[in-house]
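Written out below as structure tokens is the structure these notes cover.
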Amino acid sequence: MTITFSAVILAGGQARRMGGVDKGLQLFRNQPLFEHIYQRLQPQIADVAINANRNQQRYAQSGLPVFSDDLAGFQGPLSGILTALQRAQSNFVLFVPCDCPFFPMDLFAKLKHAVISQHAQLAYAHDGEREHPTFCLVSTSLAPALAQYLATGERRMLTFMQQQHAIAVDFSATPDAFKNINNLVDLQT
């Protein structure tokens with residue numbers, strides 16, 4: 001059986017630390033943040049979509065498929081992940097947040113190797129010091145378990161991942177690759 005993969009850029013948050021603006025559309029080095037993410041994703045995986053809960057028309061101008069969370073009220077990244085898993089035509093979905101334009105060019109390859117070699121359903125990035133759970137590769141078969149988890153009111157990504165025996169994949173050689181842009185000052189760097 002051939003295992004298939006797709007990717008989703010997570011741009012569905014409220015961006016409270018950035019004053020509530022749509023973070024994925026903020027210009028960084030003369031381009032919206034989500035476009036930087038797509039440019040790094042595209043060489044790694046061909047099938048890419050965007051999870052956005054506002055400004056869908058603007059995101060759709062990129063030519064990429066755009067979808068919003070099925071759960072209303074900005075319930076966090078797991079809500080977008082659940083919606084993506086339920087809609088995916090692939091066996092696994094790679095997730096990348098819209099605010100980390102320097103993520104590793106081997107992100108998909110390393111996460112894919114981890115899930116295949118260890119027969120896992122979920123793998124996420126770890127930089128040697130911190131977990132980066134929004135950089136993850138998730139089996140679509142986990143959608144029912146995630147729906148149950150969210151129905152309890154829980155929203156913590158790492159708790160869900162630990163319950164699913166997720167694999168932390170070592171990216172300690174490139175810890176700065178996971179630096180995210182959290183405020184308007186960061187956009188100027």
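Placed from the backbone N, Cα and C atoms, the Cβ positions cover glycine too.
Not measured: the values here are computed from a predicted model.
Taken from Swiss-Prot, the feature GTP binding site covers Leu10, Ala11, Gly12, Lys23, Asn51, Asp69, Asp99. According to Swiss-Prot, the Mg(2+) binding site annotation covers Asp99.
Locations of recorded Swiss-Prot features on the structure.
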residue : record           : Cβ contacts under 8 Å, 6 or more apart
Leu10   : GTP binding site : Asn51, Pro77, Gly80, Ile81, Phe95, Val96, Pro97, Cys98, Thr134
Ala11   : GTP binding site : Asp22, Lys23, Gly24, Phe34, Ile50, Asn51, Ala52, Tyr59, Pro97, Cys98
Asp69   : GTP binding site : Gly12, Asn51, Asn53, Gln75, Ser79, Gly80, Leu82, Thr83
Asp99   : GTP binding site : Lys23, Gly24, Leu33, Asn180, Ile181, Asn182
Reduce the DSSP letter at Lys23 (GTP binding site) to three states and note it down.
helix
